[in-house]
Amino acid sequence: MINTDISNAYPTNRFSIAPMLDWTDQYCRYFHRLMSKNTLLYTEMVTTGAILYGKGDYLQRDAAEHPVALQLGGSAPLDLAQAAKAGAERGFDEINLNVGCPSDRVQNGRFGACLMAEGELVGDAVKAMRDACDLPVTVKTRIGIDDLDSYEFLCDFIEKVKAQGCDTFIIHARKAWLSGLSPKQNRDVPPLDYERVYQLKRDFPELTIAINGGIKTLDECKTHLQHLDGVMLGREVYANPYILSTVDQQLFGCDKVPLTRFQVLEKMYPYIEAQLAQGVHLNRVARHMLGLFQGLPGARAWRRHLSENGHIPGSGIEVMQKAASFVHEE
Ligand SMILES: Cc1cc2nc3c(=O)[nH]c(=O)nc-3n(C[C@H](O)[C@H](O)[C@H](O)COP(=O)(O)O)c2cc1C
């Protein structure tokens with residue numbers, strides 16, 4: 001039996017939802033939280049430039065989202081330190097540095113995956129962030145970049161960052177090609193190498209290591225958890241969010257009965273009403289819920305009705321209720 005006290009170890013990396021730009025915004029995170037109390041949520045990557053010099057508020061979140069980690073994109077230690085401090089002041093539970101994103105835009109800013117080639121700089125950034133706030137500072141990275149893809153290279157990178165006090169790494173178990181592949185291709189084309197991440201944990205048993213990439217079921221999660229401290233899921237949770245409903249039971253040993261999909265929907269209504277009252281369009285929230293009924297009869301009609309009507313100005317809860325009327329629970 002899994003230790004049920006784990007839900008008190010806060011935040012825990014045992015099961016988390018990956019940071020996903022444009023997807024894991026505050027509305028998405030609120031929705032996901034309804035289905036699992038223990039899952040660690042991540043924000044989309046927020047650049048230091050946006051936090052320090054941007055016009056908008058990029059650190060918005062709802063108190064109900066806890067535990068939630070703020071993922072930062074950047075490389076200048078002083079900027080990252082200021083951004084981490086701002087994140088701590090706004091109530092985030094962890095600061096995570098993105099060392100895995102391969103997009104050109106990110107490379108031009110000299111951050112993301114290309115930082116794997118600059119372990120010392122990442123170490124300096126980690127130290128600066130740790131000095132600036134009391135939160136855990138973690139790093140999400142790949143197993144390599146371009147031709148820097150040997151196991152020794154990965155270990156060297158981890159050593160350098162660990163030396164500056166980072167004790168938790170989330171490893172996307174494929175390397176990134178920094179030129180030639182789009183970010184989307186970089187999530188599918190380079191082959192997954194889970195064994196390499198297991199090896200890392202064997203060689204650095206003192207570190208907390210979570211694995212990411214291509215994981216689709218809770219059974220797969222359990223297999224990974226026999227070798228590692230945590231699993232992080234991205235696309236599968238977004239496409240099929242109701243998978244979260246049994247995470248607390250299956251991975252955290254909790255015995256609370258999960259909400260049904262319709263109960264989750266009902267619980268979203270007051271939240272959505274509150275957002276609508278603040279001028280947020282229905283679709284900003286509803287788009288994250290398209291997969292809620294995946295696998296049930298009527299799921300397609302639910303998606304279609306929401307997609308066709310959710311963006312119309314003035315759309316309200318009635319659009320969701322109508323969409324839900326097409327679905328038949330098992
Ligand atoms: C739409 C989208 C946006 C993403 N944005 C980020 C991001 O902001 N930061 C990051 O570290 N990874 C980002 N990723 C990568 C995911 O965090 C994750 O590493 C990747 O999708 C592999 O996990 P999966 O196979 O479980 O989806 C993004 C992925 C997707 C699909």
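The chain as shown is numbered from 1 upward.
Glycine is treated like the rest: Cβ placed from N, Cα and C.
A TrEMBL annotation is a machine prediction, not a hand-curated record.
Remember, it's a predicted structure, so these values are computed and weren't measured experimentally.
Following the DSSP three-state reduction, the secondary structure of C101 (active site, proton donor) is coil. Per TrEMBL, active site, proton donor is recorded for C101.
For N212 (FMN binding site), applying a Cβ distance below 8 Å and a minimum sequence separation of six or more within one chain yields A18, K140, I170, I171, H172, A173, V231, M232, L233, G234. The annotation FMN binding site is assigned in TrEMBL to P19, M20, L21, Q71, K140, H172, N212, G213, G214, G234, R235.
Residues or ranges marked as domain 'DUS-like FMN-binding' in TrEMBL: 17-317. Mean per-residue pLDDT, taken over the domain 'DUS-like FMN-binding' (17-317), amounts to 96.
Summarising the annotation, TrEMBL assigns site 'Interacts with tRNA' to N98 (among others). Neighbour count (other Cβ atoms within 10 Å of the Cβ, all protein chains): 25 for N98 (site 'Interacts with tRNA').
Marked as site 'Interacts with tRNA' by TrEMBL: K184 (among others). Counting only same-chain residues at least 6 apart in sequence, none has a Cβ under 8 Å from the Cβ of K184 (site 'Interacts with tRNA'). DSSP gives K184 (site 'Interacts with tRNA') a coil state; it is part of no helix or strand.
Under the heading site 'Interacts with tRNA', TrEMBL lists R187 (among others). Non-local neighbourhood of R187 (site 'Interacts with tRNA'): G213, R235, each in the same chain, at least six residues away, with C-beta under 8 Å from its C-beta.
Following the DSSP three-state reduction, the secondary structure of R300 (site 'Interacts with tRNA') is helix. Counting only same-chain residues six or more apart in sequence, none has a Cβ lying under 8 angstroms from the Cβ of R300 (site 'Interacts with tRNA'). The site 'Interacts with tRNA' annotation in TrEMBL covers R300 (among others).
The site 'Interacts with tRNA' feature in TrEMBL is assigned to R303 (among others). In sequence order, L290, G291, A323 are the residues of the chain that are 6 or more apart from R303 (site 'Interacts with tRNA') and have a CB within less than 8 Å of its CB.
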Rounded to the nearest Å - Cα separation of L21 (FMN binding site) and C101 (active site, proton donor): 10
Which listed residue (P19, G214) has most other Cβ within 10 Å, given these are binding-site residues: P19
DSSP-derived class (H/G/I helix, E/B strand, else coil) of R235 (FMN binding site): helix
FMN binding residues P19, M20, L21, Q71, K140, H172, N212, G213, G214, G234, R235: largest Cα-Cα distance, in Å and rounded to whole number: 20
Listed recorded positions adjacent to ligand 1, that is, members of G214, R300, R303 whose C-beta is under 6 A away: G214
Rounded Cα separation (Å) that holds between G214 (FMN binding site) and C101 (active site, proton donor): 16
